[in-house]
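Asker: Quick one: structure below, then a few questions.
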Ligand code: G16
């Protein structure tokens with residue numbers, strides 16, 4: 001089987017965003033688009049000759065076809081081995097684990113995460129480095145540079161390989177090992193958590209609903225929650241992965257996981273509710289009658305992680321993305337451990353985890369994880385919650401009330417303005433950036449601006465500098481608003497407005513978040529002119 005070299009030309013728009021390259025599926029299906037990007041990854045990491053890789057994805061439309069293309073190209077480029085999940089399925093955290101466990105030279109993950117799937121929806125591809133984590137900017141910059149000069153790619157002229165059953169195959173000189181996507185990951189979860197305590201919880205009548213949102217976590221959740229831990233059959237809903245996620249957005253938030261919210265807020269709600277996203281790295285946590293914000297979830301997990309066997313020695317430190325609320329900061333302060341504030345994107349946690357500076361990380365965008373892999377991990381977060389509830393015997397609402405009483409409450413909300421024309425979003429952003437120096441001291445309603453800057457990050461481990469990571473405005477008393485443009489969308493621009501205020505008065509800790517944030521919301525609009533710039537009266541999504 002002789003590799004073919006196919007001539008090509010650079011294609012515009014192949015700059016990786018917050019998490020790899022995400023585009024409309026139709027764009028990925030255009031001639032040479034996928035091939036150019038895959039060859040650019042291979043060249044950008046110094047070639048794949050003699051190397052081993054992991055390959056898998058969330059099962060969305062085009063996942064199977066793209067996997068076959070990538071396998072042919074890896075073989076033609078001289079790769080020694082590719083480990084691939086059955087039918088090219090692997091959740092993102094499971095892929096991260098396989099890369100680490102098998103010591104490969106990284107992996108390719110096919111996913112557009114929480115974005116919808118299908119021929120008219122979104123597709124994505126990202127490269128993860130040998131530590132199992134998303135490639136940092138230094139690597140994605142090299143990949144992007146190749147996309148701008150590429151002149152050819154290599155492939156084989158072969159039929160598709162059968163990925164439907166575990167086993168070993170050959171493609172040219174390359175070995176393909178097809179593995180069950182769930183078993184290694186499930187074994188890792190068993191090492192980290194007290195499965196006996198969680199099983200006893202379920203045996204005692206504890207009920208949960210896990211909404212897999214027709215996405216990749218279904219088989220993992222069914223095997224672990226219902227299979228290994230004895231949750232009642234039917235606890236996992238929407239558990240069969242579908243190419244278009246049942247026509248929905250596989251995004252675990254109160255808007256897109258509406259039916260779970262309805263169940264958890266209903267009269268006969270189970271004790272615990274959770275959901276995860278397209279590729280299984282995000283999570284949403286609920287209790288009977290209560291939604292837990294991702295920022296609060298991170299803080300609760302940080303305060304109690306030592307109750308799970310995998311974290312019994314305590315945490316080395318914690319990290320959160322800048323727009324994530326400061327709830328975890330106060331836990332870190334109380335426990336006397338370091339707390340890091342990074343730009344948005346899981347890739348920024350990699351160095352801290354590798355260096356042993358942080359054990360737990362989290363983001364407001366429904367991501368929580370630890371040093372067990374180098375991705376955020378939805379089911380892991382659910383199991384850590386279950387472990388903590390099993391040991392403490394508390395309900396989710398009791399856990400939250402006690403947490404707020406001890407540490408104070410950060411009321412938090414994110415308002416998204418989706419699909420804004422890029423020109424308008426940029427004008428809002430540029431105008432606000434120019435205004436920043438003049439804001440401190442100004443008042444907006446009852447609020448006085450105390451600080452205003454554009455966030456930049458100097459990585460404490462390798463010293464790399466990342467500029468322009470969001471505009472943040474702090475108010476006297478601890479309130480804050482942050483403005484960012486999304487780096488994961490595929491059309492127009494999405495303006496994200498992150499709103500936060502701190503409450504330490506116990507009598508005022510059980511209010512509606514939008515009501516508690518009303519002054520900050522009004523100030524955000526007045527300062528940035530959101531309505532004036534976007535022409536929108538209200539955000540599309542409030543989480
Ligand atoms: C990705 C990254 C996350 C990040 C999120 C933010 O999530 O992996 O670390 O917080 O994007 O997205 P945006 O730039 O749109 O605000 P995922 O789950 O889409 O891979």
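Cβ atoms here come from the backbone N, Cα and C positions, even for glycine.
Sequence annotations record features per position, and here TrEMBL assigns compositional bias 'Polar residues' to 1-11. What TrEMBL lists as domain 'Alpha-D-phosphohexomutase alpha/beta/alpha' is 14-152, 184-286, 295-407. Among the features that TrEMBL reports, region 'Disordered' is placed at 1-22.
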Asker: Per DSSP, what is the residue tally for the compositional bias 'Polar residues' (1-11) in helix, strand and coil?
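Answerer: Tallying H, G and I as helix, E and B as strand, the rest coil: 0 helix, 4 strand, 7 coil.
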Asker: For the domain 'Alpha-D-phosphohexomutase alpha/beta/alpha' (184-286), what is the mean per-residue pLDDT, to the nearest integer?
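Answerer: That region's mean pLDDT is 97.
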Asker: Under the DSSP assignment, what numbers of helix, strand and coil residues are found in the domain 'Alpha-D-phosphohexomutase alpha/beta/alpha' (14-152)?
Answerer: 51 helix, 34 strand, 54 coil
Asker: Which numbers of helix, strand and coil residues does DSSP report for the domain 'Alpha-D-phosphohexomutase alpha/beta/alpha' (295-407)?
Answerer: 61 helix, 18 strand, 34 coil
Asker: Helix, strand, coil residue numbers for the domain 'Alpha-D-phosphohexomutase alpha/beta/alpha' (184-286) per DSSP?
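Answerer: Output for the domain 'Alpha-D-phosphohexomutase alpha/beta/alpha' (184-286) reads 41 helix, 16 strand, 46 coil.
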